[in-house]
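**Student:** These came from TrEMBL, pasted as-is:
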| type | residues | note |
| --- | --- | --- |
| DOMAIN | 178-326 | domain '3-oxo-5-alpha-steroid 4-dehydrogenase C-terminal' |
| TRANSMEM | 73-95 | transmembrane segment |
| TRANSMEM | 115-136 | transmembrane segment |
| TRANSMEM | 175-192 | transmembrane segment |
| TRANSMEM | 213-233 | transmembrane segment |
| TRANSMEM | 272-296 | transmembrane segment |
Amino acid sequence: MDKRKSIPGPENQTIPQRSCYVHRGRLPKRAHCSAIRIALNLSAPKSHSLCRTFRPDQTLTRIPTNMVSDQRVFHYSLLSLYVIAPMTFIALRFLQAPYGKHYRPGWGPTIYPPLAWFLMESPTIWLTLLLISFGLNFSNPKSLVLMSPFLFHYFHRTCIYPLRLHRNSARRNTAHGYPISMLVLAFVFNILNAYLQARWVSHYKDYENDGWFWWRFFGGLVVFLGGMAVNIWSDRVLVGLKKEGGGGYKVPRGGWFELVSCPNYLGEIVEWLGWAVMTWSWVGLGFFLFTCANLVPRALANHRWYLEKFGEDYPKGRKAVIPFLY
């Protein structure tokens, strides 16, 4: 005997609960939203199952379910984030991405750096906004509030930061620009990360049973904004120094630069620590760990570069990225 739960269907047919059906008539608002998402093959969590809203006298229309579910895509995407983080850390211990201070030929054609930053960071804006509109929590104010810091950071990184680079560029020389190969890798990662963060916040996160939501949100937001302030200030100092040096490099001084060589990286790491607290999820934690895996080795490489380039003129007491420790 088939022990699967079933629901009454048209002409007294038994419909397995695992199948997806949409009511042709008028549905409650919540069920209507779920019906749209199932029609788009965006699987709803069990708590939003359409089967619970049907009545015996309703007419049902079957929707094919042979496509890979969004939930499976989400799980494998999350797994891949945790796989590539240690791989990135190990790779960057031996080989630095060829841009900025570590530029070197042999990585293919390059483009104007401000344009590269805009293109590779852009998925975090347009893909995030697109996914939010299809989430089950789209009309939940908590979902929109939680997604705001993520969008705030990437609006600055996608639009404001490239404009600042463009305005302060001593010259537009694409011979030492940003490698297109690195742009493509960053673009792909940002698609993966934007999908995970936006899908979790707007679709999979359970807000109704999270009694600590506001405590975690405001606590994490304080950490996030503090890190973002350090990140933006540090970037502004570095861009300004490059302009003053006629396109070259100078020893940065003042503020957090007295403690670490890369306070811009420190600030970004702190930002995503705050994000992990706000989301309180494996998705947020995974992004924080990947940020550490990506930025800590590069900060160490930058620190060594400063020591080699400026020698005795570079402060010996500075650490690479974590004050007093590393």
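Each residue, glycine too, has its Cβ placed from N, Cα and C.
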**Student:** Tell me the residue counts in helix, strand and coil for the domain '3-oxo-5-alpha-steroid 4-dehydrogenase C-terminal' (178-326), as DSSP assigns them.
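**Tutor:** Helix, strand and coil residues of the domain '3-oxo-5-alpha-steroid 4-dehydrogenase C-terminal' (178-326) number 110 helix, 4 strand, 35 coil.
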**Student:** Take the domain '3-oxo-5-alpha-steroid 4-dehydrogenase C-terminal' (178-326) and average the pLDDT across it for me.
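**Tutor:** In the predicted model, the domain '3-oxo-5-alpha-steroid 4-dehydrogenase C-terminal' (178-326) has a mean pLDDT of 93.
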